[in-house]
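Heads up, the thing below is written out as structure tokens.
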Amino acid sequence: MAAQKRKEGPNGSAAAKSAKPAADARPSKRPKADDAGKDGDKKKAKNAKQQAESPAKPPATALVTKEEAPLFPRGGGSILTPLEQKQISIQAKQDVLFEEQSTGKKKKDASAKRKRRKSHADEADKKPVKDENAVKVESLNFKRLVQGSLVLGAVCAINPLDVAVALPNNLVGHVPITAISAPLTERLQASAGKDDEEESSEDEATDDVDLNTLFRMGQYVRAYVTSTLDETTPGKARRHIGLSLEPSLANTGIAEQDVVENCSLMAAVVSVEDHGFVMDIGISDSNLKGFLPRKQLDKSIPEDTLQPGSVLLCTVTGKAAGGKVVQLSALSERLGNPKNAPSSATTIGSYLPGTAADVLVSEVSQHGVVGKVMGHLDVTADLVHSGAGPDGVDIVDKYKVGSRVKARIICTFPAAKMPKLGISLLPHVLTLKPKTSSKDGQETPPAQILAHSAIVDKCTVQRVEPGIGLYVDVGVDGVSGFVHISRVKDGKVDSLFETSGPYKVGSVHRGRVVGYNSFDGMFLLSFEKSVLEQPFLRIEDIPVGAVVPGVVEKLVVNQDGLGGLIVKIADGISGLVPEMHLSDVRLQHPEKKFREGMKVKARVLSTNPARHQLRLTLKKTLVNSDAPAVKSYDELAVGLKAPATVVNVLQHGAIVQFYGRLRGFLPVSEMSEAYIQDPKEHFRVGQTVTTYVLSFDPEASRLIVSCKDPSAFGIEKQKALQTLQIGDLVSAKVTQKTEDDIFVELADSSLKAILPVAHLTDKSVSKTQSALKKIHVNQTLSELVVLEKNENRRSITLSHKPSLVQASKEGKLLKSVGDARVDDTVPGFVRNITLTAVFVQFAGNLTALLPKTKLPRDVQDKPNFGMFKSQSIVVQITSIDNDLGRIFVAIPSVVEEQAKKAEKPAKPIEKALNAVDEAVTSIEDLAIGKLTKARVKSVKETQLNVQIADNIQGRIDVSQVFDKWEDIPDPRKPLKRFKQNDIVPVRVLGIHDARNHRFLPITHRSTHSVLELSAKPSDLNADTPSDPLSLDDIQVGSKHLAFVNNIASNYLWANLSPNVRGRISAMEASDDLSKLANLEKSFPVGCALQVRVVAVDKEKGRVDLSARDPNSENQLSWDKIQQGLVLPGKVTKVSERQVFVKLSELVAGPVYLADLADDFDEANPLSHSKNEIVRVAIVEVDKSNKRLRLSMRPSRVLNSSLPVKDKEVTKSTKLEVGEIIRGFVKNVSDKGLFVSLGGDAVAMVKIKNLSDSYLKDWKEHFQVDQLVKGRIISVADGRIEIDLRPSVVEKDYVPLITINDLKEGQTVTGKVRKVEEFGAFIAIDGSANLSGLCHRSEMADRNVKDARTLYNEGDRVKARVLKVDVDAKRINLGLKPSYFKDDDDPDEMDVDSEDEDAGAALNGQEDSEDEEMGNAGGVVLEVGSDDEDDDEEEEEENDDDDEQQDSDVEMADGAAEGLTGLDAGGFDWTAEGLDADEKADADAEDLPVKKTKKRRESRGIVDKTAELDVNGPQTSSDYERLLLGQPDSSELWIAYMASQMQVNDVASARQVAERALKTINIKEEAEKLNVWTAYLNLEVAYGTEETVEEVFKRACTYNDDLEIHERLASIYIQSGKHKEADDLFEKTLKKYGSKSTNVWINYAHFLHTVAGQPDRARNLLRRAMQVLNNPGNGSGTAHMYALLVPKFAALEFRSPNGDREQGRTLFEGLLASFPKRFDLWNQLLDLETSAREPDVAVIRDLFERGTKVKGLKPKQAKAWFRRWAKWEEDKGDAKSRQRVSALAQEWAREAAAKKGQQPGQQKEGEEEGSEGEEDEE
């Protein structure tokens, strides 16, 4: 209802305004309970006690209150009725209350109190009980309707994009098209996806989904409330009930176990099947599906409405398919039968709105009925739905307490404290049928009897509800009306009275219908005088074309000025007057003519109730017109005169608008009797024109109109026009002459015609212009031929071309396709020229096609083929297509030339040469069916190539050789018995095309065809040959011989006949699936198979075959599979966890890791390949879920006696505690590991049982599918728990070393865990997480200042235990080589056999005497002290160094044999590389070679690195020495590369770079990146483009790709290679432009400052915004805009090529978008003040503008003014400084005043401002 604001229903929220107390509106639960209480409380208690203790009545053994009783007692609960239970409960409470009140008081007071209680009629007794147990009769209103409510409703309106649903108590909800069902939403998305590139309206976007075909008016549905407010509109959110019909929401609250017979479900159609409809019922946490059989579909529901996505309210009839499919019914006699209640329901979840219920009445009052369902669930029927209000039913008399009634649940109350439902007792809701009324003996919907907005003269008041409204009789049988208290009269009505006042019962009033609620079955009326006098209540009531008075409500202003008016027609109804409809003439200043409040008279142009739109016009020509308002094609007639408005002017006409949506086309030829060249010169948009209907086609929505008055074209002219024929010769008088046309008037009939200038002659354009000059006005032209005639438009076109005139005289002028004859030569003229053809026109608008190939060769390459439009031309007709009305022509000379070439002497019949059969003399003798002989020329796998004669070839397909399987001697080589030159009898079948291997009839001969022959005995012996097997002859189940002719990976292709080929799946090729391992070997091309047809697809020409025995196939179905079977199968999928094996087309299953091998170490799924044939054993079968457990264990599939290392675990396997078992990790969780032992057997490993040692990040040590070994420690309750600790699992387990096991002097091995300056922490091998500290003084026999120079984390070392403090848990270790000098323990030697220095690293690493070591690491258990005197340590270590100076390390065998030293990580460890002195070398050579791994006496290496401190490294040897101690220093490596380049040794520099990249630790990413950068520098400077590209690609592989791109660009810029830098930047943009803003900024900086191309840099900003604002990049537009623009603007200020004004423009646009972003103001100010020549005026203006920013906070303002003042001190004068102070004080005063006057508003504004700043940032 458009004009009236919706009021609440009879029990809506307006009732709350009543002055009555709450007690009156909420009566007692049982009015008749008073009588039972008059005999006293003790008597009741006694009776209750006797009833409970009586042996004859055992139902109740104790009194249980409602709060204490379980909701659903096991076994069905007590036998007592709910009423009896409640009475006993209430009485017991009264007794307790009585005892409490009488305790401690005198007898006299108790007696007096009893008297008072008795005199007050039990009021005091019942008040406490009523407060706790009373069930309110609550009507469903807007306040009680919350999100999540479920409500039953009826469809009351169907709009294009939503469905309106009438709800109880005059509520109306709306279901958007996207909230109907998930399948329908998918259809909409698919439809929208097709038109993504087209901009279409909302209606067009949903053309394929018409809600009118999915819903019916009055259809009952259950809806889910999604919202109660519409927050999409600006301002205060208005009331709007949003609903959803999606089954997943509409069935909320019902679980799988609640789906029982007769409960109702909302179901959506998923698919349409032959026998019914698959439905989605949306039960959460369930796989239940619904099925609606066609026989269960009600006759009132058309089947075509059940499309995918449509929804229905259905009732459950049962379950099928093992309880997984719910059978539904939509029959009205079942769904609407109130007796069909869900009696088998076990929970209240089965009772949802729409479901019938058997209600036990527990309380009846004048406001409604209260009852129980299932004995506990409260239900209420309000005033309306109990029938008391609209039907006037005496519910107190009709419904007795304790009786049972049938009801329909209509709503839920989620906000209620206790579960409660709303019910309806109205007959039409009970039967779920629309309410009807009797009229003229027929049942009619009430809305059709009494229409909306109708005035009812006599409304008799039947019932008065004080504070709510009136129920009235409106004269419609069985349907009453309701007048809300707010609609009784225009003023406010406080209350209504039943027996007095103007609106008492029986009073008669005049009312108007303002609505009808189809669910309540009740009219809504208004007695207000303003409503009665209002002309229209809704837009639907306003007739299109009606003249209505109105008042200007608003002037619509747009960028062009006044865009229209909003005119108020009635209360709540306003229409738009577009700008073109303001006046008949265009107003220069329309705002001066119209003002708000001005009264106007308008005419309705169109209405759109769905969008609440109304269009009006103020044009006098339309408002005052007496012409009919044409609104549809039904009102049209040829010649009808009607005004219209021009809405669009085109080049060839105009579009005119009538009333409604009716539009027509006004051709330019019909605009005026005079010639109009450009319609825009004579017509404008908005102009009103008088039109006449020429023609219309409603189906095509086409309407042609004219501005020419038909009456001016008299009857004589009409007859003359009808008499005039195309091709007639006429004379005409010239009336007007233009450049293109000559306007003439026919001499005899005065008809007007047009003679195009191009039709004056047959000659060139210049000759035609010369002829035009000779023609003058009033000249009479003779011999003009009528070329075209259009009677509807009254247009005639003439021609003066002599060729056409002569053709007309001779009767050769073409007028229609029927006149054309092939090979006729006819004249015409060129109408159009394209690239490939010329269109030739004749008379009557007849056109022919002249292809390019039919033109002479000399003109084919010329522009337009040397022709021009309207050129005369003579053509010859080559072909005619009468069906399509097409004519093809050619130039006659070309036709003759092509005919000569085609004329060749007839080829003589070729004789057969050396025919095998003498009866064959030529190929003409070989007709189909001919018996003859042929000689075998060659034998192929699939055919015999034969000769009938030397010049006549043929073939015999292998399928045409044998009749039966028994005739084939060797199925693998069926044609083996044929030899070359054998003579075989054959019968001719047809032609075989060798190019495409098609079988053709005998008439289709070509140079590539050979004869198709047959050598089948059946064909040779038959009198009449049978046709070869064709696709139409193939039947499913038939058996045939097939011959393989091609082999694919999964299929065999076999021929059944020369023209029928079938496909055999690899699994269907044989019963022996072991043959399928190699299809090519088992089934070679040409081999024969006995096949059976499985399927035939004639449309695709495909035949599926099977070569397996039909009986054996049944064994591979789910019914036949049994546990223990061993079957061959085909591998279809391989992953890291399993192998998927296909046993047949129906059966497949996985083979998991535990079932791959008997030894889990060999279990590798990747060792199998797809399509491999394997043998599998069926271990377990779950037929109900179609699940298999397969095994490929050799002990299962080959021989059970084979050894099994890891036993197979099944459901029957008995696992014992203490058993050792292996398995694969299935899951790594926070609680531990889950290990799969096989099948469903899964064992758990707790974190504490993972390892004997402490694992800091234990998850990193385990991963899914990892093989683990453990001991079973528990199998209780079917849960297996295992222990993986080696101490538990391994027999020879060596206990971990504890701190008590360590002794001083003991030698241990370990790993460096952490290195600090004072020492290293070493984790001891084989210990229980023990770590010891090696102080730096114990690391070497010399002074060590920093331990980090010797060792790194991860280094393997051997150490000596120096001290063990068990109490403090401290271990001191030593690494000095002298500790191990005399250690001859063979075990120790094995550990460190390759290390001569005892403190050196293990694992083959060498150690020098100074400070380089390997890797490091650490968990700290010891904190060492550093209190020893460094000087003493230094002296002692220097002494040790002096003693070891003359000794040297003895190397292994290779050193003495002259081999090169060990090359570790790119370092040269030879004596030459270390530059040792000659004496040391001599000593090394004199020492004997020791071939055994015996400990050798160590000697030190001369340390010359101290000499480098003075001069720095000078030679390669110097760098090598330094690199020994600092192998990870990129600075040293780069210096080394530079030293090589100083001597121009590029190759050596490259070698150094490569060594550096290999040597630097992989963890030192920054150091490696520096070397890569230096390497790129080297190649850019001295290499080629290829070497640069090669190093660049490698660098990108090992480093951050973007970082390398940026570094190479920087190198190019520094090297002056700007072009290469530019190209690299472009590549980087394409790769990373959508991910990084820095790429754009760097490129812009390069273009500005280096390349000197600022214009390109500015264009770059636009490109960046387009790329970065892509929605797929996840970055917001505002964010990117605020990030990039300041950077680009700063370049304009700082770049020497920048434009400061450009930068300011960028910042101004940014500040306009983000005025509160004060960081942007500061950035701009920084740029202005730091400019080369600052503009003081601009800076000062910028400061002042900043103070005026809206929402400026005091803190920001203070900083801004302070900065301004400081700047003025430097750049300004005293006056300017005073001005800043004054402005600051003024700003502070205004802020304080604003805060003082409106503190709340100021605070809110500040909060909004801060929020806005946060959003913008």
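The backbone N, Cα and C atoms fix where each Cβ goes, and this holds for glycine too.
Note that the structure is a prediction, hence the values are computed from the model and not measured.
Annotation source TrEMBL lists compositional bias 'Low complexity' at 13-25.
Under the heading compositional bias 'Basic and acidic residues', TrEMBL lists 31-42 (among others).
The compositional bias 'Basic residues' feature in TrEMBL is assigned to 104-119.
As annotated by TrEMBL, compositional bias 'Basic and acidic residues' applies to 120-131 (among others).
Per TrEMBL, compositional bias 'Acidic residues' is recorded for 195-208 (among others).
The annotation compositional bias 'Acidic residues' is assigned in TrEMBL to 1382-1398 (among others).
Taken from TrEMBL, the feature compositional bias 'Acidic residues' covers 1424-1447 (among others).
Summarising the annotation, TrEMBL assigns compositional bias 'Acidic residues' to 1805-1817 (among others).
Annotated domain 'S1 motif' per TrEMBL: 148-246 (among others), in sequence order.
What TrEMBL lists as domain 'S1 motif' is 257-331 (among others).
The domain 'S1 motif' annotation in TrEMBL covers 453-528 (among others).
The domain 'S1 motif' annotation in TrEMBL covers 545-619 (among others). Looking at the domain 'S1 motif' (545-619) alone, the prediction's average pLDDT is 87.
Per DSSP, the domain 'S1 motif' (639-708) is made up of 6 helix, 34 strand, 30 coil. According to TrEMBL, the domain 'S1 motif' annotation covers 639-708 (among others).
Here the domain 'S1 motif' (727-801) has, by DSSP, the following mix of helix, strand and coil residues: 12 helix, 36 strand, 27 coil. What TrEMBL records for 727-801 (among others) is domain 'S1 motif'.
If you look up TrEMBL, you'll see 823-892 (among others) marked as domain 'S1 motif'. The helix, strand and coil residue counts that DSSP assigns across the domain 'S1 motif' (823-892) are 15 helix, 34 strand, 21 coil.
Residue counts of the domain 'S1 motif' (929-1005) by helix, strand and coil are 10 helix, 36 strand, 31 coil (DSSP-based). Taken from TrEMBL, the feature domain 'S1 motif' applies to 929-1005 (among others).
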Per DSSP, what is the residue tally for the domain 'S1 motif' (1305-1376) in helix, strand and coil?
6 helix, 39 strand, 27 coil
Could you put numbers on the helix, strand and coil content of the domain 'S1 motif' (1037-1108), residue by residue per DSSP?
12 helix, 37 strand, 23 coil
So how many of the residues in the domain 'S1 motif' (1124-1193) end up helix, strand or coil by DSSP?
9 helix, 34 strand, 27 coil
Using DSSP, break the domain 'S1 motif' (257-331) down into helix, strand and coil residues and give each count.
8 helix, 34 strand, 33 coil
Mind checking how the domain 'S1 motif' (148-246) divides into helix, strand and coil residues in DSSP?
23 helix, 39 strand, 37 coil
Take the C-beta pairs under 8 A between the domain 'S1 motif' (1124-1193) and each of 148-246, 257-331, 453-528, 727-801, 1037-1108. Which stretch has the highest count?
1037-1108
Rank 148-246, 453-528, 727-801, 1037-1108 by Cβ pairs under 8 Å to the domain 'S1 motif' (257-331) and hand me the top one.
148-246
